[in-house]
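Student: Structure incoming, see below.
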Amino acid sequence: MTQITLLTPDDWHLHFRDGDMLQETVPATARLFQRAIVMPNLLPPVTDAKMVTEYRERILAARPAGSTFEPLMTIFLTNNTTEQDIIDAKAAGVVAAKLYPAGATTNSDAAVKALDALFPVFEAMAKHGMLLLVHGEVTESHIDIFDREAMFIERYLARIVAAFPALKVVFEHITTKDAADFVMSAPDNVAATITPQHLLLNRNDLLVGGVRPHNFCLPVLKRSTHQEALRAVIATGSSKFFLGTDSAPHEKHRKESACGCAGCYSAWSALELYAQVFDDLGALDKLEGFASLHGPDFYGLPRNTSTVTLVKEKWTVPSEIILPNGNPIVPFFAGEEVNWKVKNA
């Protein structure tokens, strides 16, 4: 197959950041994706309806002329979140609330430290039809970074899912066989997103031959057996798994430093890279479900009606992109060849 046409996809997990960065990130995503779930981990985090409304306006103002791209907004759960916050956020158009364990990722220090205390909030979310998005890692310093996702499932996620059968839960950016198996065996109210980097790479691509800071993300890349499990699960075409890039921009100097930031900025190449993975797996017929159908179906939103066409044509991801402030950013897969290209995009 040398050409494939899909219903226009959505990105069910990304980071736009704020300020000048929006002039880069919003057009990059709006190029191909009709909607995106926007993460709330700004400084300060987006925790209530007023902050969401203001952030959404800043995103809309950064859309290219004529764009109909729609940001789908989220709020950041803290131990101070109340049922009224959920009600107000829902009224403001928020579709989901994000659970970050404190310290798990960029700008998550304000996040949840006592998970059980949030059970009344989860109850309110189920009642009011708001999804729970989960960064599924424990953060205790004595737990090995490669084991934190599996430990989170065992310690917390299994309990949340069992306690709230009416709550839709998205286990975001899963990285392990443990997570894939958990989602596959869970009830229909549980789904997961998978990033391009966790399908394309494993921890050798981060650490062999030198540290590769632009492949560093959280949750961290795992061993190849976990990568293969993720690839196998998308090849099944299961509706429990859908596209979420976790595209997460950081300026070049913040990645290439003594304490480099976590995140892969994949917006300019994500759909093409997913196509490459599905092609390699002999499962191109499953790409549209993953990219365009399973996400809106799970969220209870209409599928898009426009289409995007990809052709089998080689191109090279740019080595860097200059941000509006003049500083460079290195995109994911920089300088690498990609086998699929969007037609007329």
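Note: Cβ is positioned from N, Cα and C throughout, glycine not excepted.
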Student: From LYS90, LYS98, LYS168, LYS177, grab the residue that Swiss-Prot records in the same Zn(2+) 1 site as HIS13, HIS15, ASP246.
Tutor: LYS98
Student: Could you look at HIS142, HIS173, HIS198 and say which one Swiss-Prot places alongside LYS98, HIS135 in the Zn(2+) 2 site?
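Tutor: So the Zn(2+) 2 site in Swiss-Prot includes LYS98, HIS135 plus, from the candidates HIS142, HIS173, HIS198, HIS173.
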Student: Can you match one of LEU77, LEU207, LEU218, LEU301 to the substrate site that Swiss-Prot gives for HIS15, PHE16, ARG17, ASN41, HIS135, HIS250, ALA262?
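Tutor: Record check against Swiss-Prot: substrate site with HIS15, PHE16, ARG17, ASN41, HIS135, HIS250, ALA262, extra candidate from LEU77, LEU207, LEU218, LEU301 is LEU218.
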Student: For the recorded Zn(2+) 1 site formed by HIS13, HIS15, LYS98, ASP246, name the remaining residues of the chain with Cβ within 8 Å of the site's Cβ center, in chain order.
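Tutor: Here the nearby residues are LEU14, ILE37, MET39, ASN41, LEU133, HIS135, GLU172, HIS173, GLY244, ALA248.
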Student: Could you check which of the binding-site residues LYS98, HIS173, ASP246 is the closest Cα neighbour of PHE16 (substrate binding site)?
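Tutor: With Cα distances computed to PHE16 (substrate binding site), the winner among LYS98, HIS173, ASP246 is ASP246.
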Student: Can you tell which of the binding-site residues (HIS13, ARG17, HIS135, HIS250) has the fewest other C-beta atoms within 10 angstroms of its C-beta?
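Tutor: Sparsest of the binding-site residues HIS13, ARG17, HIS135, HIS250 by Cβ contacts within 10 Å: ARG17.
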Student: When you put LEU218 (substrate binding site) at the centre and draw a 10 Å sphere around its Cα, which of the binding-site residues HIS13, HIS15, LYS98, HIS173 have their Cα inside it?
Tutor: HIS173
Student: Under 8 Å Cβ to Cβ from LYS98 (Zn(2+) 1 binding site), same chain, six or more residues apart: give me those in sequence order, or none if nothing qualifies.
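Tutor: Sequence-distant Cβ neighbours: MET39, PRO40, ASN41, THR74, ILE75, PHE76, LEU77, LEU133, VAL134, HIS135.
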